[in-house]
Amino acid sequence: MPLSKQRFARPPTPPDTDTTLRRSERFYKRKDIPLDLSDAFDWQRDDSGATKIGEKCYTFPRHPGLIYLPGYLNHDEQRDLIKLSLRDIPTPPNRTSLDAHYNLPNDGLWAHYASGTKTAVATPRADSEAPRATPSYYAPSGERPMINNAPSTFETLKEIARSRNPEIPPSPTVKPLDGEKALYKLRWTNIGHYYHWGLKHYDFSVRDPLTNGAIAIPKQVAQVCKEAVEAVPWQHTSVADAAAEWKRSYRPDAGIINYYNLNDTLMAHVDRSEVTATLPLVSISLGHAAVFLIGDDMRESSTPPTPIILRSGDVVIMSGPTRRSYHGVPRILERSLPPHLAYDDERDDDDWEPFARYLASARINVNVRQSGLTDEQIAELVSL
């Protein structure tokens with residue numbers, strides 16, 4: 001989700017947004033009082049609020065299809081995925097939150113960040129003589145607002161494909177950025193099928209210029225997500241019938257890497273862009289811990305949402321009915337970076353130092369799903 005930052009006094013909360021869900025969000029976002037996590041599910045403290053169906057595998061009776069795999073990735077696997085998310089993935093053909101407004105180096109931002117160079121590497125597209133058109137969205141750091149969109153169907157996707165919205169023009173006010181400033185301004189990188197923030201749906205016309213085919217999910221990311229789905233004893237869940245084929249047929253083809261600073265939040269929302277709304281969405285937490293809130297399929301529900309503490313290496317799978325549940329991240333937990341991700345000059349090679357430096361004030365979320373379309377349907381959308 002894109003970001004926006006409030007730099008002014010907030011108006012009173014309208015009555016129609018004063019729901020149980022919104023009150024829970026505001027509770028965890030408050031920084032003028034000590035943070036109270038006593039109501040949050042924390043498997044390390046007390047796992048009685050969930051049903052354990054396997055070794056480090058939990059379900060939640062109120063949220064059918066929600067699977068929690070704490071500590072699923074070991075320390076080395078976390079580091080590998082962090083390196084991939086920062087160094088390799090935010091490069092073409094994958095599009096980022098900065099592309100709409102900046103010309104970025106073809107080799108990405110990482111090498112420039114790691115070297116500490118103060119030379120401008122992200123230059124305003126508005127200053128370019130022939131800026132590259134990029135369907136994207138960008139906003140500065142802070143609260144990532146909720147985006148409402150109608151549930152996707154193949155017919156609505158065809159209508160969108162026939163009537164392209166105009167591209168978002170580059171901002172004339174952004175300034176050149178060096179590698180460090182640009183990397184900390186990065187909010188997301190798209191992987192797989194492109195999600196168009198302006199359309200609020202996938203734009204399957206965005207292709208890999210080298211192959212003219214669909215942009216692929218990085219193999220390492222896809223493999224981790226497939227193995228996570230395969231690791232779940234689905235026969236012990238409330239979605240056992242629907243999940244019978246997932247171990248064989250789950251094929252992630254779209255996703256996003258979210259980059260959070262410590263003050264960033266993600267407002268509760270529902271993902272409605274996939275045609276098949278029950279297939280697993282796999283979410284991997286890296287870096288600082290966070291509070292994850294998940295409620296019902298109605299924003300106005302009077303039932304309080306369930307807060308869950310997510311730490312680095314944890315995996316959440318949303319499937320079945322819970323794919324239509326409101327969920328968000330109202331708080332990144334300060335000073336929660338695990339020791340194995342910090343830099344130790346006696347233990348680590350020098351190449352880990354810039355990654356640890358970035359993670360000192362950041363959280364990364366790898367979020368992967370399956371569009372639910374067949375190859376033939378995607379080909380038809382591309383042809384329109």
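Positions of Cβ are set from backbone N, Cα and C atoms, glycine also.
Because TrEMBL annotations are produced automatically, they should be read as predictions rather than curated entries.
The structure displayed is predicted, hence computed values, not measured ones.
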Among His201, His327, His340 - the residue TrEMBL places in the same Fe cation site as His269, Asp271:
His327
Can you dig out which of the ranges 122-145, 170-193 TrEMBL describes as region 'Disordered'?
122-145
Cβ-centroid neighbours of Fe cation site His269, Asp271, His327, 8 Å, sequence order:
Ala268, Val270, Ser325, Tyr326, Gly328
Where does His269 (Fe cation binding site) sit by DSSP, helix, strand or coil?
strand
Return the count of C-beta atoms lying within 10 angstroms of the C-beta of His269 (Fe cation binding site), excluding that atom itself.
17
Would you identify the secondary structure of His327 (Fe cation binding site) according to DSSP, in three states?
strand
